[in-house]
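K.L.:
I have a structure I would like to understand better, so I am pasting it below and will then ask my questions one at a time.
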Amino acid sequence: MKRTFQPSNRKRRNKHGFRQRMATKNGRKVLSARRAKGRHSLSVSSSMSASKR
């Protein structure tokens, strides 16, 4: 039986990335909540771009 989690960085970025969060009102709410909480990484893509460099 195939497991449910089949990791793919492209899908991860496109579904949970920074641009995707900014696209909707609720996504922006998520980002502001994470900023208020002082999260080290706001979204998936912001942490991924740092690891690529």
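Here the Cβ of each residue, glycine as well, is placed from N, Cα and C on the backbone.
Annotated compositional bias 'Basic residues' per Swiss-Prot: 1-19, 26-40, in sequence order. Sequence annotations record features per position, and here Swiss-Prot assigns region 'Disordered' to 1-53. Summarising the annotation, Swiss-Prot assigns compositional bias 'Low complexity' to 41-53.
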K.L.:
Sort the residues of the compositional bias 'Basic residues' (1-19) into helix, strand and coil with DSSP and give the three counts.
P.N.:
10 helix, 0 strand, 9 coil
K.L.:
Please work out the helix, strand and coil residue numbers for the compositional bias 'Basic residues' (26-40) from the DSSP assignment.
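P.N.:
Across the compositional bias 'Basic residues' (26-40), DSSP assigns the residues as follows: 12 helix, 0 strand, 3 coil.
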